Structures are given as structure tokens and as C-alpha cells.
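According to TrEMBL, the protein has these features:
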ACT_SITE  E97  active site, nucleophile
ACT_SITE  E101  active site, proton donor
DOMAIN    17-211  domain 'GH16'
CARBOHYD  N105  N-linked glycosylation site
SIGNAL    1-20  signal peptide
Amino acid sequence: MRSIALAIAAMACLAAVARAGNFYQDTEMTWGGGRGKVVDGGRGLDLTLDRTSGSGFQSKSEYLFGKIDMQIKLVPGNSAGTVTTFYLSSQGSTHDEIDFEFLGNVTGEPYTLHTNVFAQGQGQREQQFRLWFDPTTAYHTYSIVWNPQHIIFAVDGTPIRDFKNHEARGVAFPKSQPMRLYASLWNADDWATQGGRVKADWSHAPFVASFRGFSADACLWSGGRQQCPVGTMEAAAVGGRSWWSQQLSDMSYRRMRWVQRKFMIYNYCTDAKRFPQGVPAECHLR
């Protein structure tokens, strides 16, 4: 256990030095009527939620596979009813999507980290976690590694979920639709906190979630063509360090299982009541 805890701390240090993008250059506000603002010369972006509206932004580029990092400091204090999101998505009724969502809570109670994967318009693959730190007092790095064989969710460099490509066994996997990055802060007090029993307390508004350290080491999709960073395929071909071929090492797998045992609070694969005809096929595959 001590070795795993030390490894998690080491990965957190590595994650903290992720290459930072520029929000002026790399993103654009999509809604909120001025409630989202780029700050610190483009190094950060703050999203705001008040009683009237939340706010959101998206990446200017579309990606088809990559490693996406974002450092986020969540709404502090009484965040009940609020949802902060960071996700990749394509468009249309058969869209693909890879989700991080952070469900707020009353003061002193923990956030819920909600993850999901949509493939060809079908989701219902939720896994939820508590975090092992306070996500409101400092920035933490949330990462998506998306390659042809794996979708790996990580927090401060520690993997928490690995959705594998089981297309050969009839399980859909996002691999052909380019996706943009999206982020938002919005009011979902009809369901987000304790099943909707606790509503947003607007006396604490405006609520603010802060973003920085946006990094996209990814294949861009432009003009109907995929353009990958120089060296991506070459490094993967010779077994080098490349997100294109990244999978969990034995140590990374043990760290992930440790997090899941200690901090996972919901797993669709164990929800027999929700799936009376049997849980989805990927739940039985390794």
C-alpha cells in the first residue's frame, strides 16, 4: 500500500508540470453571456454560474485520438446543485463522448466525480468516485488518454478507469468521429446533489470553477484529414513513450484497482437492478 501511495504522489508531481496551452489561442466561449473569462494573460479561464445562467467553452480544434490534460480548481464551499464538466464529444444522434463531470455538494461533504463513455450514441457506462483530496483548494490535473485500443481516465497522473476496445466482441468503441473538448459550469440541482434533494443555495452565487494547464497532445482533424504530432506513430512503432500505444503497466493497473477499491461509489457493471437482462457485454471482458 505504501508503494502505491508513493507512486501516486510521484505521478501527481509529474502531472503538475503538464505543458500549458493558451486559452485565447486554443479555446472559445460558447455560451454564458460573458460569464466565462480568460484570465492571467491566457494561462487560465474562469467559468461562472449565477441564478440566470452558467457558462462554457470549447476547443477550437477537433481531435481524433490524443492525450488531453486540464487542470481544474472546483467551486469551493457550498457547491450543491452545481456541475462542472470537462469532456470530449462529437456531434449528432450517434455521437461519441468521453466525460468527466464533477457533482457539487454541501459544505464539508465530498464532490462526486462522474465518468461516462458514449459510443455511437449509446452511453449508460457510468462509474463514479470520491476524490482522495479536496479539489477546491488547489488545481489538480484531469486527463483523458484516447487511442485506438484504450480510453484511460486519470487524476493527477493516477489512472482511475480504463475502457478498452472490445469491438471484436461486439462492443462499440469511439474511433472514427473527431471530437472537440468542452467544459462548462451549470445548474443541475434537480439531480446533481443527493439525487436532487439538495438545491443550489443562490446566496453563495456567483459560483466559480477555474481552469488552466490545457494541453492537447493529439491528432488534429482538419479538412477531412487526421494530422498527428511529429513522432507519434514512430515512437509507438518502436515501443517508445507514446499515448498512441499507451496501456496500463502492471504498476498503473495496481494503482487503478487501489483507487477503485477505495474510492469508487458506483459502477454500472455491478448494477444488476438497472440491467435486469444482464449488464453490458464489456463488463465480462478483460
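Placement of Cβ uses the backbone N, Cα and C atoms for every residue, glycine included.
No curator has checked TrEMBL annotations; they are predicted automatically.
Taking all protein chains in view, 18 other C-beta atoms sit within 10 angstroms of the C-beta of the residue listed as 'active site, nucleophile'. Residue environment of N105 (N-linked glycosylation site) contains 20 other Cβ atoms, counted within 10 Å of its Cβ in all protein chains. Around E101 (active site, proton donor), the same-chain residues at least 6 positions away in sequence with a Cβ under 8 Å from its Cβ are V83, T84, T85, F86, Y87, L113, H114, T115, N116.
If you take the Cα of the residue listed as 'N-linked glycosylation site' and the Cα of E97 (active site, nucleophile), they are about 25 angstrom apart, rounded to a whole number.
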